[in-house]
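Swiss-Prot has this to say about the protein:
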- S2: N-acetylserine (MOD_RES)
- K119: SUMO1 cross-link (CROSSLNK)
- R318: site 'Interaction with DNA' (SITE)
- R366: site 'Interaction with DNA' (SITE)
- W414: site 'Interaction with DNA' (SITE)
- 434-767: domain 'Topo IB-type catalytic' (DOMAIN)
- K445: site 'Interaction with DNA' (SITE)
- T503: site 'Interaction with DNA' (SITE)
- K534: site 'Interaction with DNA' (SITE)
- N576: site 'Interaction with DNA' (SITE)
- H634: site 'Interaction with DNA' (SITE)
- K652: site 'Interaction with DNA' (SITE)
Amino acid sequence: MSGDHLHNDSQIEADFRLNDSHKHKDKHKDREHRHKEHKKDKDKDREKSKHSNSEHKDSEKKHKEKEKTKHKDGSSDKHKDKHKDRDKEKRKEEKIRAAGDAKIKKEKENGFSSPPRIKDEPEDDGYFAPPKEDIKPLKRPRDEDDADYKPKKIKTEDIKKEKKRKLEEEEDGKLKKPKNKDKDKKVAEPDNKKKKAKKEEEQKWKWWEEERYPEGIKWKFLEHKGPVFAPPYEPLPEGVKFYYDGKVMKLSPKAEEVATFFAKMLDHEYTTKEIFRKNFFKDWRKEMTNDEKNTITNLSKCDFTQMSQYFKAQSEARKQMSKEEKLKIKEENEKLLKEYGFCVMDNHRERIANFKIEPPGLFRGRGNHPKMGMLKRRIMPEDIIINCSKDAKVPSPPPGHKWKEVRHDNKVTWLVSWTENIQGSIKYIMLNPSSRIKGEKDWQKYETARRLKKCVDKIRNQYREDWKSKEMKVRQRAVALYFIDKLALRAGNEKEEGETADTVGCCSLRVEHINLHPELDGQEYVVEFDFPGKDSIRYYNKVPVEKRVFKNLQLFMENKQPEDDLFDRLNTGILNKHLQDLMEGLTAKVFRTYNASITLQQQLKELTAPDENVPAKILSYNRANRAVAILCNHQRAPPKTFEKSMMNLQSKIDAKKDQLADARKDLKSAKADAKVMKDAKTKKVVESKKKAVQRLEEQLMKLEVQATDREENKQIALGTSKLNYLDPRITVAWCKKWGVPIEKIYNKTQREKFAWAIDMTDEDYEF
């Protein structure tokens, strides 16, 4: 029985393949014949179609009965399938003729939908497929046998095509997905940036819009992680030797560490200064063992060359690091910043300015400091005082150590403090300049200076009257106050001899620091100042003064030696007390702030031209800023690369001039062509050349403005006055009034520092 079934199945399959080959050969001929006979047989085909539909309904009934019978019997009749396969071709031809060109619409009206049509593909046997526009889709109506008979081949082809279609769609989907992802990324990136910017904007603490704390209270809650200590000393490699008197000498770890501090500075001018060398050697010997002290008795016999070369090589290696190595270091620093660089103050995350404690090294000081070269010792946890709120988590000290003290003082702004060993001064870890505490302090400073504006005329009248006082102390105070007001001099603090550099302020002026000229350069009553100011920067100025001031100075200098104090009956304490009596909160610094800010405002009004472009306006701003820096004696040494950078800038200017000359020639030539041709095309060319010339002129102007700006400010430090003495609201108002982007005046850090001023100021602000 099973053998018969196998025989029947193989016979059916063979017949099927034979019929299938006949079908492909006759396919195109049948189509052509149908196309020709289409019009003649139209009515006949419709009748056949109707007849076919009625037959289809009958076949469906028969099919249902057969299906019921099959389910009851539990098997299918394979012999009947064999006869049906033999008659396949005949039925196929009848079905195609019956279908004809019957419309889909009509088929649906007859109560059934057409089965899926078989895709016709051109064969490789030399036949040409008829034009698509001439062929109407064929619908295969079902006859009485078609309901229960479907050739295996057709079914297999349909399934394969369906699978192929799905696979193609999936592949297309996979190919398209990256594009969609890229598009999504491109769309998402700006959205993410906007969201991030919006989130940052929301996170910014607009403390200036909140109610201020009671007087003296700085915060209500403060929590932080404490300081980051300098890494421990790493001994030098065995190959790096120290020589004393031409012989190799192995140093103890402590002595070696201090020796490396000197070796790192070997090429610096500091190591040639006698005071530096003397202080270093004295402190270095304190770190030596007894044997080392007995051996090393002369610094000149010490050879630090190999140490110095080793550190230079280390420095060069850091410069030559790969991107991956630099990125790794950057990530480590960012991780450290994230953990230690922020604190929580009154439920807001605030940036800490200097969370790393300075490593040990050699003290340099400002100017010719008498303690330069001394050893700055390593700061340990036992030196540290922590300040935080009582309900905050106290930062943990490094393992095996403890803090010197933990305080909960909300009347101070520092987080960590310690005492350094050189000057005995207290050092602090404070918040970033963009923090609320620093911002409030700045705001108060400028508001105090604005209050001075209301009473400055009264104060000036007062000190003018005091020039005539019978008391020498009052006269000296009045002249000193005149200098502080007119010249923006610092008050000058009293200093212990030998403890700090010999810098001078108003109250500490000596007779040797001034020269009096009844007439100089066509001006009367000129005072010539020449003294070391803050950071040992020389203050040199020739100033015409009022006659009574000049006469008083002559009086103050009578019978005095050059090293004697000019104001021998005055000190900073007496002066500051007098200033407080004149106005609450008034100090010499308030006078400097007032004069600096008012000078900037006046200079901007004088120098800014409404019709200037943005680069020219920026030059005007820098010139106004320069006037303030000169007033406050904010000088600097010209940068080492100044000459080279100016040469590079001049080369750019020369190249731009050549480009402009060529562009002007092109414009002239285009205008000549336009006169001859007189057509729209040449007119467009002329306009294009004009725009090119204008663009190059603007670029040249920018470069020339930049060169002028650099030259004028090569020895002037604009940043000091901009950050510390100029009310930022003056700058913000000027930018808003004249359409100058604030980014052109303040960098990102400065914008964060002055966020309060940028937010609250409009263009009508007056200091």
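Cβ from N, Cα, C; glycine included.
A map of Swiss-Prot features onto the structure.
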residue : record                      : DSSP class
R318    : site 'Interaction with DNA' : helix
R366    : site 'Interaction with DNA' : coil
W414    : site 'Interaction with DNA' : coil
K445    : site 'Interaction with DNA' : helix
T503    : site 'Interaction with DNA' : coil
K534    : site 'Interaction with DNA' : helix
N576    : site 'Interaction with DNA' : helix
H634    : site 'Interaction with DNA' : coil
K652    : site 'Interaction with DNA' : helix
Students should find that the Cβ of R366 (site 'Interaction with DNA') has, within 10 Å, a number of other Cβ atoms equal to 13
Tell me, what is the mean pLDDT of the domain 'Topo IB-type catalytic' (434-767)?
87
Whole-number answer please: how many Å between the C-alpha atoms of K445 (site 'Interaction with DNA') and N576 (site 'Interaction with DNA')?
16
Taking R366 (site 'Interaction with DNA') as the reference, which of R318, K534, N576, H634, K652 (the recorded sites) have a CA within 10 A of its CA?
K534
Just to verify a number: CA distance, T503 (site 'Interaction with DNA') to W414 (site 'Interaction with DNA'), in angstrom, no decimals.
28
Which one is it: of the recorded sites W414, H634, K652, whose Cα lies the shortest distance from the Cα of K534 (site 'Interaction with DNA')?
H634
Using a 10 Å radius around each Cβ and counting other Cβ atoms from all shown chains, which of the recorded sites T503, N576 yields the largest count?
T503
What is the number of other Cβ atoms found within 10 Å of the Cβ of R318 (site 'Interaction with DNA')?
11
Taking Cα atoms as reference points, which of the recorded sites R318, W414, K652 is nearest to N576 (site 'Interaction with DNA')?
W414
Restricting to the same chain and to sequence separations of six or more, state which residues have a Cβ under 8 Å from that of H634 (site 'Interaction with DNA').
I716, A717, L718, T720, S721
Nonlocal residues around W414 (site 'Interaction with DNA'), in sequence order (Cβ under 8 Å, 6 or more apart):
N387, Y428, I429, M430
R318 (site 'Interaction with DNA') to K652 (site 'Interaction with DNA') - Cα separation in whole Å:
32
Most isolated by CB count within 10 A, of the recorded sites K445, K652, is K652
